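Written out below as structure tokens is the structure these notes cover.
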Amino acid sequence: MEKIVLLLAIVSLVKSDQICIGYHANNSTEQVDTIMEKNVTVTHAQDILEKTHNGKLCDLDGVKPLILRDCSVAGWLLGNPMCDEFINVPEWSYIVEKANPANDLCYPGDFNDYEELKHLLSRINHFEKIQIIPKSSWSNHEASSGVSSACPYNGKSSFFRNVVWLIKKDNAYPTIKRSYNNTNQEDLLILWGIHHPNDAAEQTKLYQNPTTYISVGTSTLNQRLVPKIATRSKVNGQSGRMEFFWTILKPNDAINFESNGNFIAPEYAYKIVKKGDSAIMKSELEYGNCNTKCQTPMGAINSSMPFHNIHPLTIGECPKYVKSNRLVLATGLRNTPQRERRRKKRGLFGAIAGFIEGGWQGMVDGWYGYHHSNEQGSGYAADKESTQKAIDGVTNKVNSIINKMNTQFEAVGREFNNLERRIENLNKKMEDGFLDVWTYNAELLVLMENERTLDFHDSNVKNLYDKVRLQLRDNAKELGNGCFEFYHKCDNECMESVKNGTYDYPQYSEEARLNREEISGVKLESMGTYQILSIYSTVASSLALAIMVAGLSLWMCSNGSLQCRIC
């Protein structure tokens, strides 16, 4: 009879109504890293490292770049005859120069403070070329004879378009005294130069005067140049050299020139009509007839991600460059789908928050929720409130990270002349150091946020579990795997009240108490039976052992192996 009662109790327990708290799982193979773990599979993740580009030069926010093709910046500004297509250029967003442009200084020489001029151009978006000293105004000097085979045009000798190489006229080179007053409202970029002949014979042949000078003065500039006559190797067929200079002439300031030879005078100047963020980018790419917000020498980036690893030099509203190969933010939960064999052994699921072992692929409309089973059937239901709060929290966090990082950030290269190599090396080391710091910060940020996100989901599941536990109290039994077994019948309406937090504990407490006492009684009676069996088994085992010992002793005494004395 006791066995029948025990069996009925067990059957009753198996058929008891249950409700379980669980979380979503899917077929995702996305993996993230955290502070504590690597390659954690999650249900949802968001890549925040841009690794692709289009391989083209594009307009930046609708403004075309100035692509100099085979011309250098110096060739463009001075007016190399092979750069005539750039005589007048519209507004540009950035300037593109090849690493080794063919059309540079056609007449060999040097451009003074060239790197500083390029740096200035990185803050300019538009020039307007204006004539300041007409070529026709040099009546006492030859203004058209200053040409060279080093600067050919249509098979003939020519010269830079924007400056004038002044030669003697009628065996005389009268001293030049010229001024230009900047009456414009904008700054002016003015260029001039000096010719360094190969020998004294060339000096007098071109300028008549054996000893010459050039003086240039503004409110901030005081310069005096003298030609350096020396025998040199030929470059572009020329043993002579030219050296070019530049200055920015402010409004209402005047520039004064004085020279008695070797003077390369300005004819045109550049009015700086628009300043803004620009850059000179070294690239061999072609124009792609496209638009972007971020340009690199490798191609354009169209991305809302906060980081990229394409190229450290950028122009526009760009993600920050890092040296990382992978930055993935966890937005979902740990993805550990429940296995069928575990379901048979441990119930419906098993431990995201320390006590649930696997997620539910059957629950597709939320991150956290319930699985119930009763006489009316079973099913999954997401907890919409906790899921929505979690989605909002994770979304806000991801957006916050992107907004903080995805600000306008320009990293343009700095050029240094040959005398500044140590500064250039130091600059590169500093930039590499900054990139290392950015990379470390980005990777650490992702690891920490992923850890927090997964802990956040764990906490939400635990909170949902506690919400149910506090409602049910002793009306149900905790099974230790995220499930509760009711001590009373719980139909679908009852299950729904548990899910929405309106469960009426007093309504079911009496039924639960009676069932709880009945189950406890069955356990006690079963325990009494097991205790009797235990005592009987112990006594029987001891008696059998005593008989075996006595028999062994008698056998040993009979064959002399053991001496027996009875006192």
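Using N, Cα and C of the backbone, Cβ positions are placed for all residues, glycine too.
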* Partner cysteine of Cys106 (disulphide bond, per Swiss-Prot) from Cys20, Cys58, Cys151 -> Cys151
* Sort Asn181 (N-linked glycosylation site) into helix, strand or coil using the DSSP assignment. => strand
* About how far apart, in whole Å, are the alpha carbons (Cα) of Cys494 (disulfide bond) and Asn500 (N-linked glycosylation site)? -> 10
* **Integer Cα-Cα distance in angstrom, Cys318 (disulfide bond) to Asn302 (N-linked glycosylation site)** => 9
* Asked: So for Cys290 (disulfide bond), how many other CB atoms are inside 10 Å of its CB?
  -> 13
* Let me know how many other Cβ atoms fall within 10 Å of the Cβ of Cys318 (disulfide bond). => 25
* To do: Using the structure shown, find which entry in Cys71, Cys151, Cys490 (the disulfide-bonded residues) has the sparsest Cβ neighbourhood within 10 Å.
  => Cys71
* **Nearest recorded site to Cys71 (disulfide bond) by CA-CA distance, among recorded positions Asn26, Cys294, Asn302** => Cys294
* Structure fact -> DSSP output for Asn27 (N-linked glycosylation site) maps to coil
